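Record features (Swiss-Prot):
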TOPO_DOM  1-39  topological domain 'Cytoplasmic'
TOPO_DOM  61-188  topological domain 'Periplasmic'
TOPO_DOM  210-241  topological domain 'Cytoplasmic'
TOPO_DOM  263-280  topological domain 'Periplasmic'
TOPO_DOM  302-317  topological domain 'Cytoplasmic'
TRANSMEM  40-60  transmembrane segment
TRANSMEM  189-209  transmembrane segment
TRANSMEM  242-262  transmembrane segment
TRANSMEM  281-301  transmembrane segment
Amino acid sequence: MAIVRHKQPPLRRFMMYWVDHARQAFSSLGELWRNPLASLMTLAVLGVSLALPSCFHVLLKNAEVVEGSWQTSSQISLYLRKDLPEQSILDMKQRILLYPEVESVTYMSRDEALKEFREISGFGDALDYLDSNPLPPVLSVIPDPRWQNPEGAAELLNKLNNEDGVEQGKLDLQWLTRLQGIMNLLRHTITGIAVLLLSAVLLIVGNTLRLNILNQRSEIEVLKLVGATDAFIHRPFLYTGIWFGVIGGMLAWWLTEVMVIWSEGVVNELAGLYNSNFRLVGMGAVDGINLILLGALLGLIASWFSVHRHIRDIEPS
C-alpha cells in the first residue's frame, strides 16, 4: 500500500525553518555553559583582543576632538593698512564672511589691539611714551572645518591676501602640517594594530572550534552515517562561533568603558592644567553595538572556515 505524504504549506515550512535555527542557536549557547572553564578562558581572550582595538578607537576619537579644537584655534590674522577707513574694514569683514571657506570673522580695531598688547606684554608704561599707535587693525578669520587643513588654509590665505587693504596675512602652516602628520601617523598605527588584533580573534575562534569538532568526531560520524546534510552538521558550530563573537564583543565593550572611566580623572586633571573643558568621550551605544556586530561577523567567518576545513575530513569508517 502506497504511503501518502501530505505536503506542508509554505508558511509552515518557513516558520519551521526559523524555529529549527532558533533551537540550534540556543542549543549552541548551552554548549558553552556545559564547558564553563574552557568557554570562559576563550571568551576572556576574545574580550581582551576586541577591547584593545576598541580602546584605540576611543583614543583616536578623542584625539580627533582635540585636533578639531586646535585647528579651530589656528586662525588667519589679516593685518590691514593703518589708514583704512572704519567703514571699509566693516565692508571687508562682511565680504569675507560670504566666502564659503570662512566660518567666522572677528574685527579688532587699532585701539583694541593696543589695549590687548598693553595687557599681555607688560610694557604698559613704555607704550605711554609713543607718539602714535603703531599697531594696525586686524581681522581674525576662522576657516570652515572643511578648510582647516594645510592645503585648504593656504589656499584661503592666498585668497584673503588679494583683498584690497590687506598688508599681510599670517597663518602658522608649519604647525598645521605637523598636527596633520601626527594624526595621520596615529590613524595608520591604530589601523595596523587593529588589523593584527582582529586577525588574532579569527585564529582564536577558528582554533577553538577545531578542538570542538575533534572532540565531537564520533557524533559527526554518526550524523553522516544516518544521512544528515552538511548544513545540518555545520549549523551548531557556526552558531557557536557567532556566540563567541557576540559575548566577546559585549565583554570588550564593558572593558573599554571601564578603561574610559578609569582614565577620566587623570584626563580631566590634565585638561584643567591647560584651562580646557575637554572631557573624555566613551564608545557610546552605536559604537558598542557595532563592536558586538563586528565580533559576531568575525566569529561567523572564523567558524565557517574552520567547519568547512575540518568536518570535510571526517568520514564514517
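Numbers run from 1 along the shown chain.
Backbone N, Cα and C atoms are what each Cβ position is placed from, and that goes for glycine too.
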Quiz item: Looking only at the topological domain 'Cytoplasmic' (302-317), what are its DSSP counts of helix, strand and coil residues?
Solution: 12 helix, 0 strand, 4 coil
Self-check item: Local confidence of the topological domain 'Cytoplasmic' (210-241) - pLDDT mean
Solution: 81
Quiz item: By DSSP, what is the split of the topological domain 'Cytoplasmic' (210-241) into helix, strand and coil residues?
Solution: 27 helix, 0 strand, 5 coil
